[in-house]
Amino acid sequence: MATSTTLSAADSQKLTNLQSAVSGLPQISDNEKSGFINLVARYLSGEAEHVEWSKIQTPTDEVVVPYDTMAPVPEDLAETRKLLDKLVVLKLNGGLGTTMGCTGPKSVIEVRNGLTFLDLIVIQIETLNAKYGCNVPLLLMNSFNTHDDTQKIVEKYAASKIDIHTFNQSQFPRLVVEDFMPLPSKGISGKDGWYPPGHGDVFPALLNSGKLDALLAQGKEYVFVANSDNLGAIVDIKILNHLIQNKNEYCMEVTPKTLADVKGGTLISYEGKVQLLEIAQVPDEHVNEFKSIEKFKIFNTNNLWVNLNAIKRLVQADALKMEIIPNPKEVEGIKVLQLETAAGAAIKFFDRAIGSNVPRSRFLPVKATSDLLLVQSDLYTLSDGLVTRNAARKNPANPSIELGPEFKKVANFLSRFKSIPSIVELDSLKVSGDVWFGLGVTLKGKVTITAKPGVKLEIPDGAIFEDKEINGPEDI
């Protein structure tokens with residue numbers, strides 16, 4: 001192993017011991033074992049790149065292409081079909097719905113009208129395939145946490161006019177901090193001993209699963225990768241057309257930052273290449289500058305377009321050495337480490353890689369029930385699987401919504417609203433305590449609703465609140 005030359009004697013010994021322990025784990029493949037050992041070796045060699053702040057440059061419009069300057073889509077349907085027949089859609093489906101109080105894959109949470117994230121994705125692609133007579137397949141990258149459930153769930157789409165393929169991302173053993181040994185060899189059985197190593201793993205997992213070669217054999221050229229919980233990540237023919245025309249191997253969709261996005265990664269020009277700068281890489285004295293909307297105006301949506309041939313070339317050459325994100329955890333009182341990578345960080349390894357500065361509508365993630373409130377309200381409409389913002393709202397930004405812990409789980413959230421309030425004219429909403437909403441409530445401007453401890457506060461049917469602070473029934 002080339003990397004071991006840069007390791008101290010102690011670290012080399014650690015790695016050797018780890019390698020022999022990992023080789024005895026029957027649960028994972030040889031590819032996973034070598035991928036894991038390579039990752040740990042890189043971590044030990046400390047090759048984490050420190051960004052020299054003075055070398056950072058703001059990318060030009062050639063590097064981060066404004067969406068409006070991209071050539072319009074060909075008007076000829078046959079031309080468009082040719083483009084789409086080169087495309088594959090891949091959704092990152094490894095996450096669980098636990099933070100929102102749901103069991104199983106996050107993608108099966110109902111978003112609107114009884115339809116789940118996955119339902120909407122399938123409807124979108126079916127609509128696209130029907131409109132252009134093309135065959136864009138859907139790939140779902142699962143983790144070992146979501147695989148079994150997802151296999152059952154996709155059966156319900158058997159009759160749909162869309163090819164759905166599933167494959168698993170890698171399964172790596174958690175590292176015990178104390179002695180640098182794999183957790184599963186400590187007698188921790190079951191899923192707790194393992195972790196999926198972040199979505200940077202999408203590239204080797206595509207190749208190792210055999211999916212990449214199968215897609216190339218079908219004449220596919222590009223994959224559009226996105227998080228399954230981003231409702232705005234729909235196929236965009238204009239971006240696809242631009243990449244094919246300009247032979248760009250990689251494109252990251254970015255969008256202008258608002259104050260809600262200050263922690264998101266941004267694109268920079270660095271030593272002549274475009275690369276992702278994440279908050280974790282920023283020296284402490286520059287963190288506030290990183291968060292400012294003035295200097296770093298855009299952030300990564302994690303909508304990524306990547307050339308399939310380029311993925312194969314780079315994975316085979318073991319060239320995708322993305323920054324390692326160490327993620328410390330505790331399992332049954334044992335301190336462990338998960339080493340992860342992110343797909344966006346791969347941008348600097350691809351030829352003619354670009355960003356595309358896209359409209360905010362392409363970034364509509366649902367991370368919490370407060371996001372669910374937005375997309376279930378009259379602020380959005382749903383048709384053909386597409387969630388579209390209501391033109392009646394004049395403010396380009398969405399209202400800011402803070403819901404207390406009583407609303408954190410989807411089931412509790414749903415039971416506390418007889419119907420989702422009208423929020424087209426809302427600026428901000430803050431709800432805390434034991435609050436229950438009636439039917440047909442309208443909220444405008446800035447609204448704060450606080451139920452005092454031990455008090456159940458019911459908002460009556462048809463109530464209209466504008467710029468109001470409610471601290472008890474007497475304020476209604």
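Glycine is no exception: its Cβ is also placed from the backbone N, Cα and C atoms.
A TrEMBL annotation is a machine prediction, not a hand-curated record.
Keep in mind that what you see is a predicted model, and the values were worked out from it rather than measured.
Annotated UTP binding site per TrEMBL: K106, Q169, G198, D229, K367, in sequence order. As annotated by TrEMBL, substrate binding site applies to H199.
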Distance, K367 (UTP binding site) to the residue listed as 'substrate binding site' (CA atoms, angstrom): 17
CB within-chain contacts under 8 A for G198 (UTP binding site), separation at least 6: I325, E340, T341, A342
CB within-chain contacts under 8 A for D229 (UTP binding site), separation at least 6: G95, K106, S107, F117, P365, V366, K367
Residues K106, Q169, G198, D229, K367 binding UTP per the record - widest CA separation, whole Å: 21
Long-range Cβ environment of Q169 (UTP binding site), under 8 Å and at least 6 residues apart: G94, M141, N142, S143, P196, P197, H199, D201, V202, A205
Least buried by Cβ count (within 10 Å) of the binding-site residues K106, H199, K367: K367
